[in-house]
2 protein chains.
Amino acid sequence: MEARPLATPEEAWRIASSLRYRHIEGTVVAVVQDVETKEVLMVGHMDPIAVVLTLTTGLAHYYSTTRKRIWLKGETSGHYQIVKEFRSDCDGDAVVIKVVQIGAACHTGSRSCFESKYSLIKALKLSLRHG
Amino acid sequence: MEARPLATPEEAWRIASSLRYRHIEGTVVAVVQDVETKEVLMVGHMDPIAVVLTLTTGLAHYYSTTRKRIWLKGETSGHYQIVKEFRSDCDGDAVVIKVVQIGAACHTGSRSCFESKYSLIKALKLSLRHG
């Protein structure tokens, strides 16, 4: 599957300029959803350059708040994210992107960063216990 | 629909203690998904107390990084979020909650904070233009 630009460079700069980079290290929160299943795969951060690169290449780029640099998701792993949709929220400090995930989204090798069996708690549990 | 606890107070404190509050004002990022449609409704922040209150009541609580206080979503609007599932991510600095949204998730009155018609860009657009 081939990545396609979501915006021209001019449109991308306009969109990047409209966001509010009020999170750590001057970023917006980027929520990444599988375009088919709607599963949340990971949460990353984008600075203005990462937003522009994402929109103009169609491949997800982030700002690493630990390594203090832009990274192309998949640059070492090959686990690219092909971006099909980009939305910002009502106050411009968060975006949701819908992607086709190549391989694993998580550095642990899991498809999603949220799929550890220890991480899941369902309301069902207590209702069963009390039911 | 009635809210049910997702954890006992002891379990909730254990879970809250396991997270890494490395985002603004000592919080984790909380991504809120509609439990049925999987649509992302909003992105909020939780401090340890908001995590415990969410898990023990089954109603979403957040930490407002602007008002500098805990808030029960819906406390003034009546637009509560009944939490059905709570997951943390691989490095413990983000959670995804799946909710039944009563009324609107967004303070603008929209069901989702991400549904402004101006916020949406699809890869389709350029492919149509070039197609």
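Each residue, glycine too, has its Cβ placed from N, Cα and C.
What Swiss-Prot says about this one:
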- A:Asp89, A:Asp91, A:Asp93: Mg(2+) binding site (BINDING)
- A:Cys90, A:Cys106, A:Cys113: Zn(2+) binding site (BINDING)
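Shown here: features listed in Swiss-Prot, placed on the structure.
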residue	record	Cβ within 10 Å
A:Asp89	Mg(2+) binding site	25
A:Cys90	Zn(2+) binding site	18
A:Asp91	Mg(2+) binding site	15
A:Asp93	Mg(2+) binding site	18
A:Cys106	Zn(2+) binding site	20
A:Cys113	Zn(2+) binding site	25
Per DSSP, three-state class assigned to A:Asp89 (Mg(2+) binding site): coil
Distance [Cα-Cα, Å, rounded] between A:Cys106 (Zn(2+) binding site) and A:Asp89 (Mg(2+) binding site): 24
